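For reference, the structure discussed in these notes is given below.
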Amino acid sequence: MKKKIVVVGNGMVGYKFCEKLISKDVSKSFDLVVFGEESRPAYDRVHLSEYFAGKTAEDLTMAPSSWYKENGITLYLSDPVVDINREEKMVRSHHGIVENYDYLVLATGSAAFVPPIPGVEKDGVFVYRTIEDLDLMQSHAKKAKKGAVIGGGLLGLEAAKALLDLGLEETHVIEFAPRLMPRQIDEAGSKTLQSKLEGLGLQIHLSKNTQEITGNGVIESMKFADGSVLEVDMLVISAGIKPRDEVAKIAGLEVGTRGGIIVNDKLQTSDPNIFAIGECALAHQMIYGLVAPGYEMAEVVATSIVGGEKEFKPFDMSTKLKLIGIDVASFGDAFIQEPNAQTIVFENTAKGIYKRINISNDGKYLLGGVLVGDAEQYNMLLQNTKNKTLLPADPEDLMLGSRGGAEQASSGVMALPDEALICSCEAVTKGNICHEIIENKVTTLDGIKKCTKAGTGCGGCVPMVKDLINETMKSQGVFVRNILCEHFDYTRQELFDLVKIKGFKTYDDVLDNLGKGDGCEVCKPAVASIIASLWNEMILEKNATVQDSNDRFLANIQKNGTYSVVPRIPGGEITPEKLIVIGQVALKYNLYTKITGGQRIDLFGAHVSDLPDIWEELVNAGFESGHAYGKSLRTVKSCVGSTWCRFGVQDAVSFSIEVEERYRGLRSPHKLKSAVSGCTRECAEAQSKDFGIIATEKGWNLYVCGNGGVKPRHAELLATDIDSATCLKYIDRFLMFYIKTAEPLTRTAPWLDKMEGGINYLKSVIIDDALGMNAQFEQEMQFLVETYKCEWKEVVTNPALRKRFTHFVNAPKMKDPYAKFEPMREQVKAAEWK
Amino acid sequence: MEVNHSITITTMIAEQTITWHVACSVEDIPENGGACALIENEQIAIYNFTRRGEWYATQNLCPHRQQMALSRGMIGSTGADNEPKVACPFHKKTFSLKSGECLTGDEYSIKTYPVKVENGQVFVGV
C-alpha cells in the first residue's frame with residue numbers, strides 16, 4: 001500500500017520538495033499530490049524582476065506541467081487548500097477536491113505585507129509577489145508617469161527596479177527607517193547604495209511615514225506624517241512579507257504571535273504528520289525569507305519522510321544580490337563591531353564602492369562583513385568565514401583582491417577544505433565538485449551544473465565553480481598541450497602544417513577531416529586565419545561565416561552596432577585630393593572622423609548597409625582596405641625622414657610605403673604593426689612595433705617583437721646596418737616563422753617569450769638559417785605578396801558579396817533603428833550602452 | 001478526472017498560438033551563419049545551420065550590452081551532446097540556439113523562435 005503525501009503550495013520551495021522527494025524515493029513508495037493557488041506551476045520568484053527585462057513566464061518556470069505528469073505527481077492548479085481535517089487526515093480544496101494524506105507538507109509561502117494605510121484599496125496600488133501582480137502593474141504602467149514604492153529593503157528595491165524597467169519617468173522609494181536595507185547592510189553601506197541608486201535616477205525618501213493614499217478611485221498622491229505630499233499615479237507596496245498561515249490556523253496548528261507556523265528542528269508542526277517549509281514556517285523563532293534555507297527545509301523533510309535523519313539547523317543568511325545592477329552582499333556577522341571584533345573598512349565614493357570586513361580580535365578569523373558596489377570577493381570571503389580559514393597577514397587583501405606582489409595562498413579556491421559549501425542554494429561542497437571533475441571528467445561549467453546542480457539557484461557561485469574547474473584541471477596536469485578548442489585535438493602549429501599538406505581550403509573541409517562537432521567562435525577564426533595565411537584567397541568567398549564579425553564585414557564593429565572604416569594610407573602619406581575624398585565621404589555618410597595612432601584616418605558610425613557604397617567611393621579614389629578589422633598587417637608608421645628633416649639619414653617614408661605595400665593583407669595569428677624611423681631619434685616609435693626599422697648612416701637596424709598595449713614591450717634588435725633588400729628578406733622570414741608557429745591570438749612579443757632560447761635562437765633561425773627553412777619562408781611570402789588583392793575592391797565589384805551587407809534581409813535598405821548616436825563636438829558618437 | 005482538467009488548462013496557457021511569418025528566402029541566410037529579419041517590428045536573428053541541416057531563430061539583441069548583433073555572430077556547437085550555439089560578436093557571450101540559455105555562465109538568456117522552411121521560403125513562428 002502506497003503512502004500519500006499532500007503538498008499544499010506550489011512555489012519554489014514546494015516544487016523543490018517534490019524534486020527532492022522524487023530523487024530520494026527510489027522504490028516509489030509514495031504518491032504525491034500538490035495543490036497550488038496560482039494558475040501556473042511553480043516559477044522562479046527570485047528572478048521575478050527579469051520578467052520586465054524580457055524573460056517570459058515560461059523562462060521563469062521551474063518545471064513544466066509535463067514534468068509533474070512524468071513523475072506521477074497529481075497537480076491541482078488554481079485550487080488552494082481551504083481546510084485540513086486532522087482527525088481524518090484529509091484536506092479539502094477550494095473547488096471541493098478531497099484528498100487523504102499520510103503526510104502533509106505545508107509550503108504556502110508568504111504574501112506581501114500591506115500596512116493598514118487608508119487608501120491602499122485604490123486602483124494603481126499594487127503588491128509585488130506573483131506574475132499576475134506583474135501583469136497588472138504592466139498594464140497600469142502604460143498610462144502612468146510617476147511611480148513610488150513603499151519599502152527600501154531588498155524586496156522594495158527589487159520592485160523599484162521593476163518600475164524602472166517599466167519605463168516610468170519618475171520612480172520614488174519611500175522608506176520608514178532612516179536608511180536603505182537596514183537588515184542586511186550597515187549604515188555606511190546604506191549611504192553608498194543610496195548614492196549609487198540616486199545616480200541611476202531613483203528618488204529616495206527616508207524616515208517617511210505614509211499616512212494616507214488619496215485619489216478619486218485611482219491613486220493620485222501620498223500623504224506623509226511630516227505633512228509632505230507626493231503626487232504619484234502608481235504605487236507598489238513592498239514593505240515586507242507575511243507568512244501564509246491561514247489554513248494552518250483554521251486547522252488548529254500552533255502559529256507564532258506575529259504569524260508563521262511553528263515547527264521543530266525536524267520541521268514538524270504541532271501535529272507530527274504535518275510539516276511546514278519555506279516562508280510559511282517559523283523555525284528557530286524566525287521566518288527565513290531566502291530561497292536557500294527554503295530548499296534546505298525541503299531537503300530535511302524529504303529526507304525524514306523517506307526514513308532518513310536530518311535536522312534543520314540555524315541557517316546562514318549570508319546573501320549576495322544585484323540590485324538594479326549594483327552588487328550588494330552581506331555575510332556572516334555583518335554588524336559585529338568593536339570591542340567584540342576589529343573592522344577594516346574600504347570606501348571609494350567616486351566609484352560607489354563600500355567594503356567592510358569584521359575580523360576576530362586575535363586577527364585570526366573572518367567573522368563577517370558587508371560589500372556594496374563590488375562583491376566580486378563575496379564567495380571567497382564567505383568561504384573564509386564559514387570554514388574559519390586562518391587569515392593571511394594582510395586580511396584586507398581578501399576584500400580588495402591582491403594588488404601585485406605574492407598571491408596569498410589562503411585566499412585561493414584551492415585552499416578551501418573539501419567540505420566548504422560552494423553552492424549554498426543546492427548545498428554542493430567543493431568536494432562534490434572536485435569529485436565530478438577528477439573522477440567523472442566533467443570539465444565544463446554546464447556539465448557541473450547538470451550533475452551537481454551547483455550554480456543553478458541564484459548563480460552567485462558560478463565564478464567560483466569556474467575557478468574550481470580550472471584550478472583542479474591544472475592540478476591534474478591537464479591542458480599541457482595547448483589544443484585549439486573542444487573541436488580540434490591539435491595545436492595551431494600542428495593544424496597549420498596539416499591544412500597545408502592536405503591542401504584544405506574551406507573550414508568545413510578542415511573540420512570534417514581533422515575535427516569534430518560543429519566548430520565554435522574559437523576554432524572558426526583560427527582556422528580561417530590559417531587558410532588565409534596559406535592560400536591568400538578572398539576571405540568572404542568560401543569562408544565568410546567562419547570569420548569573426550569584423551572580418552566578415554571587413555570593418556570594425558563599434559559600440560552601437562555600426563562599423564568604422566579605415567582606408568589604407570601607406571606610411572601615413574596622403575595627397576590633398578585623397579584627403580578631400582575622405583572628408584566628402586565622411587560628410588555624406590555622417591561619419592565621425594579621427595586620426596588614429598597609426599597615421600591613418602578612422603571613419604566611425606557607418607551602417608552595415610552603407611559600407612559597400614562608402615567603399616565604392618573610396619576605391620574609385622584609389623584607396624584600398626586598411627585591414628584595421630583583421631588579424632593582419634595594420635600600419636607601417638613613419639617619420640618624414642631625410643626628404644625634409646634636417647636630421648634624417650634615410651628616406652623613412654619611401655621605405656615604410658614599400659614595407660606596407662609588401663605585407664598589406666597578410667593574415668597572421670594576431671595583428672601586426674610596424675614603423676620606420678629616419679634616424680636614431682626614432683620619431684616613428686619603431687621599437688614599440690612587431691617589427692620596427694630605424695635608419696643608420698649605413699642602412700637600417702631591424703627590431704622585432706615589440707608592442708604597446710596592455711603590457712608594453714620594447715622590441716629587440718635582430719640585425720644592424722643592413723640594406724633594404726636584406727631587411728625585407730629578414731622580415732619575410734621572421735613573419736613566416738611567426739605565422740607558422742604562434743598560438744592563436746598571440747602577438748610577437750609573447751611568442752618570443754615562450755620561445756626556448758629567446759632572441760638568440762630567433763637570430764639563428766632568421767640570420768643563420770638554423771632550421772634550413774629560410775628558402776621556403778621566402779618563397780611562401782613571395783606567393784602571398786604576389787597574390788594580394790584588395791578585399792574591398794572585390795566586394796564593391798561583386799553584387800553577390802555586396803548583397804550580404806544588410807542589417808535586415810527582408811528590408812535591405814532599412815538601417816538598424818537600434819544604432820543610436822549622440823552629438824559631440826560638432827560630430828557624433830555612439831550612444832552609451834547599458 | 002479533476003486532475004487532467006486542471007493540467008490541460010495550464011498547458012493551454014503555456015502554449016500560445018503561433019503565427020508563421022515569411023522571413024526571407026533560403027539563400028538570404030548565408031550557410032552556417034545568420035542574418036537578421038524584421039518581423040512584427042521585432043529584430044529576429046535567423047541561422048542557417050547547413051552543417052546540421054537545421055534552422056534556428058532567436059532575438060537579435062544580445063542581452064549583455066543590449067546590442068543588435070547576434071545575427072552577425074559565429075554559430076557552432078559545444079559539449080558532448082553538441083548543443084548548437086551562437087557567439088555574440090561584441091564580447092563572445094554564447095547562447096544555446098535551442099533553449100536560449102547563456103552558455104558562458106551569465107544569468108540572462110535570449111528568446112528563441114520556431115523556424116520552418118517550405119518551398120525555399122523561411123518562416124518564423126512568433
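We number each residue from 1, going along the chain as drawn.
In case you wondered, yes, glycine gets a Cβ from its N, Cα and C as well.
Since we're looking at a predicted model, the values are computed, not measured.
The feature [4Fe-4S] cluster binding site is assigned by TrEMBL to A:Cys639, A:Cys645, A:Cys679, A:Cys683. Around the Cβ of A:Cys645 ([4Fe-4S] cluster binding site), 15 further Cβ atoms fall within 10 Å across all displayed protein chains. Taken residue by residue with DSSP, A:Cys645 ([4Fe-4S] cluster binding site) is part of neither helix nor strand, so it is coil.
In sequence order, A:Cys639, A:Ser677 are the residues near A:Cys683 ([4Fe-4S] cluster binding site), counting only same-chain partners six or more apart with C-beta under 8 A. In the three-state DSSP assignment, the secondary structure recorded for A:Cys683 ([4Fe-4S] cluster binding site) is coil. What TrEMBL lists as siroheme binding site is A:Cys683.
Per TrEMBL, the feature domain 'FAD/NAD(P)-binding' maps to A:4-286.
Positions annotated as domain 'NADH-rubredoxin oxidoreductase C-terminal' by TrEMBL: A:318-386.
Across the range of the domain 'BFD-like [2Fe-2S]-binding' (A:421-471), the DSSP-based residue counts are 27 helix, 5 strand, 19 coil. Taken from TrEMBL, the feature domain 'BFD-like [2Fe-2S]-binding' covers A:421-471.
Annotated domain 'Nitrite/Sulfite reductase ferredoxin-like' per TrEMBL: A:558-619, in sequence order. Here the domain 'Nitrite/Sulfite reductase ferredoxin-like' (A:558-619) is broken down by DSSP into helix, strand and coil counts: 28 helix, 14 strand, 20 coil.
Across the residues of the domain 'Nitrite/sulphite reductase 4Fe-4S' (A:630-755), the predicted structure has a mean pLDDT of 93. The feature domain 'Nitrite/sulphite reductase 4Fe-4S' is assigned by TrEMBL to A:630-755.
Cβ neighbour density within 10 Å is lowest for A:Cys679 among the binding-site residues A:Cys639, A:Cys679.
Per DSSP, the secondary structure of the domain 'NADH-rubredoxin oxidoreductase C-terminal' (A:318-386) breaks down as 9 helix, 33 strand, 27 coil. Surrounding the centroid of the Cβ atoms of A:Cys639, A:Cys645, A:Cys679, A:Cys683, where the record places [4Fe-4S] cluster, the chain contributes additional residues within 8 Å, namely A:Val640, A:Gly641, A:Phe647, A:Gly648, A:Ala652, A:Ser677, A:Gly678, A:Arg681, A:Glu682, A:Ala684.
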